[in-house]
Amino acid sequence: MSLSATSSFNANSVSAPSGLAPPPSGSPAVSLDKALRIARAKAYPEQMWWLIASFIAFIAICQAFSWFCMKLSSRSPSQSKKPADAEVGDSRSAASRRFSWRHFPSALINLYRVVAFRWTLEIGQSYTLNVAEVFVTCGYIVALSTWEFVNTTNAEGVKFDPQYWTNRAGVLAASQFPLVTALGTKNNVIAYITGISYDKLNYIHRMTARVVFVLLWVHGGGKVGICFPAVWEEWFVRVGLTALTAFTILILVSLRPIRAQVYELFYFTHFIMVLIILLGGYFHANMFHQGTYIWPSFLIWGLDRAIRFARVIYYNHLYFGFTSKSDRLDASVELLSPHFVRLHIHRPPHFSWTPGQTAFLAMPSVSGMPLEMHPFTIASVDSHYQLAGVKTPAIGDIEKKFSDALDVAPYWKELVFLINVREGFTKRLAGIAENGKKVKVLIDGPYGFSPNLDHDDTVVLIAGGSGVSFTLSTFLGVLSHVQIKKSICRKLVFIWTIRDATHIEWVSKALTKALEFAPSEVEIAIRIYVTAHNSDVDALRQVKSWGEDDSIHSSDGTAVGRSRPPSLLNFSAVQVMQGRPDLRALLHEEVAASSGGRLSVTVCGSQGIARVCRKALRVPVSTALHGGPSVVLHVESFGYA
Ligand SMILES: Cc1cc2nc3c(=O)[nH]c(=O)nc-3n(C[C@H](O)[C@H](O)[C@H](O)COP(=O)(O)OP(=O)(O)OC[C@H]3O[C@@H](n4cnc5c(N)ncnc54)[C@H](O)[C@@H]3O)c2cc1C
């Protein structure tokens with residue numbers, strides 16, 4: 001970190017390497033400067049860490065408080081009524097709601113949610129930051145810059161003395177390495193403390209890495225003006241510069257357009273560059289006894305890898321038995337359409353998950369690179385987990401009903417994945433599906449946290465295309481929880497936008513079974529929007545062959561085809577429309593119709609869908625003050641690239 005003899009860090013630091021500036025005269029001002037620099041370079045990174053730790057603790061307390069409020073305000077399943085059954089006097093629809101200060105706490109919480117998560121900063125077409133993310137970003141930059149440049153006036157009164165801020169930039173940056181590393185891991189301690197899943201924290205991982213990168217350039221660049229040329233020949237300076245060069249390459253390949261276009265290049269460059277940064281950074285910093293900031297990064301990274309490796313072995317150990325039986329574990333892959341694959345795997349012993357969680361899949365025969373793993377959302381529900389520890393007579397029924405229905409049993413018993421075909425790994429997988437082959441799959445997971453919807457009176461699920469893997473499992477999960485009296489949900493709305501009407505088939509059997517056995521206390525509405533133009537007659541013709549009695553309607557209500565698969569589309573709860581959904585109107589309708597309580601909207605689709613939902617749910621404070629619902633929005637997106 002320190003490139004000049006006048007700025008050795010502490011009393012224990014090594015003697016000035018040859019080639020550095022000549023030792024200063026022992027004037028009192030110089031000694032005072034040195035003592036101050038040493039003391040501050042030690043204190044400021046520690047203060048920064050106290051701030052970060054306090055902020056993490058604050059988030060954890062807020063999450064706990066919000067969970068506690070949700071429990072307190074939640075009705076019991078027996079108090080909750082299906083909207084259609086609610087007596088007239090109970091109804092608090094938009095027209096009949098009255099203002100009351102009693103609703104003030106709820107209005108305040110709603111206001112906070114709107115401001116923090118639904119007000120957004122749009123950067124270009126596809127980049128959106130919410131106020132919470134902007135706040136964290138600005139807070140982090142301001143905090144680090146303050147500690148970097150505060151008290152940099154030297155004993156002779158010269159402001160912004162580079163001897164002060166250059167070294168401090170190095171130590172502050174080094175002190176942030178463990179944070180950046182932890183935020184980038186899948187088994188993330190910060191995720192467990194705050195309840196924010198690893199993929200959402202990935203934004204903060206990238207943001208903190210970029211701020212640290214700037215600090216390192218301040219450290220290295222600042223030295224240019226104050227070091228003798230010979231300094232740059234020193235081995236520890238060279239390793240530092242190598243680390244900085246690696247960091248620069250990493251920042252360039254991490255830029256969104258590159259990451260999105262050539263993800264594999266990004267992935268492997270990231271791995272190699274991080275190794276160089278950490279090793280170079282460690283040896284450079286350790287020269288001045290600051291290595292203690294860097295080695296924990298190896299530990300955090302190693303621990304994450306060890307946990308992932310242990311999980312892969314544990315969940316896939318039957319494969320490693322090398323018996324002929326292991327072939328039976330292979331996954332079935334079906335090509336549902338040229339752009340969509342369904343994969344199902346036997347549930348490994350002891351593998352449990354909650355709706356919406358993700359698993360990483362490795363398929364050695366499909367992968368282009370060793371150790372390649374891809375995340376996919378588990379589209380099925382884990383009936384073992386859903387029902388664990390619950391003792392109600394309904395349990396036996398549920399398990400029996402679904403295991404009897406063999407064609408849909410995978411959605412309750414196995415791991416099902418709905419995979420959108422892209423360019424790399426998924427394209428090769430589609431090729432295998434086309435040939436009807438099976439594949440060996442090693443699984444690691446589950447990851448992420450499912451939104452807790454048990455206390456929501458109305459649950460709205462919105463998906464675009466492959467986002468249905470998230471909302472389908474959530475839909476099945478909510479119904480199971482209502483059945484076992486764990487959820488108070490009385491209205492469940494499932495909105496799915498697809499390009500082609502034939503895509504309905506991907507999930508039609510699972511939805512049909514779910515509707516067949518749905519508990520009577522929930523009002524269900526399934527609205528499927530087909531965005532293909534009317535001219536796409538081939539698709540409509542294909543759909544037509546599924547059934548005879550029912551029609552597909554355009555969004556203005558006119559029939560565009562008589563075309564329902566006999567089972568799913570025979571339910572009155574199911575509507576298929578042509579055109580894009582007016583999500584704004586649909587959501588406003590749900591908010592208006594909601595009789596107080598909690599309404600949650602869970603979205604998994606394109607940035608565009610998420611954007612419309614955020615805007616639509618900027619519910620005015622007056623709605624909550626008049627006894628409107630407490631509105632919660634969960635946005636999931638596939639891919640943080
Ligand atoms: C938490 C999470 C859940 C997901 N769930 C689903 C799902 O249920 N169904 C689905 O179809 N897709 C899902 N995805 C996206 C899926 O992981 C990628 O589409 C897939 O990895 C693309 O592989 P490819 O080699 O064909 O991609 P390419 O064509 O090479 O690249 C396409 C894009 O996929 C992303 N990508 C590629 N490899 C990876 C990787 N190893 N990890 C993360 N992103 C990658 C990059 O953004 C890249 O721009 C999910 C992603 C995440 C992060």
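Using N, Cα and C of the backbone, Cβ positions are placed for all residues, glycine too.
Within the chain, the transmembrane segment (48-70) has long-range Cβ neighbours (under 8 A, six or more residues past its boundaries) at 109, 139, 143-144, 147, 172, 175-176, 179, 190, 193-196, 452, 455, 598. Residues annotated as transmembrane segment in TrEMBL: 48-70 (among others).
Residues or ranges marked as transmembrane segment in TrEMBL: 211-232 (among others).
The transmembrane segment annotation in TrEMBL covers 238-258 (among others).
The transmembrane segment annotation in TrEMBL covers 265-285 (among others). Non-local neighbours of the transmembrane segment (265-285) in the same chain are 1, 170-171, 174, 177, 236-237, 239-240, 242-244, 246-247, 249-250, 253-254, 258-259, 291, 293-295, 297-298, 301, 369, 641; each lies 6+ residues outside the stretch with a CB under 8 Å from one of its CB atoms.
Sequence annotations record features per position, and here TrEMBL assigns domain 'FAD-binding FR-type' to 322-453. In the predicted model, the domain 'FAD-binding FR-type' (322-453) shows an average pLDDT of 79.
Beyond the ends of the transmembrane segment (238-258), by six or more residues, the same chain brings 1, 127, 206, 209-210, 213, 216-217, 220, 232, 265-266, 269-270, 272-274, 276-281, 283-284, 641 to within a C-beta distance below 8 angstroms of the stretch.
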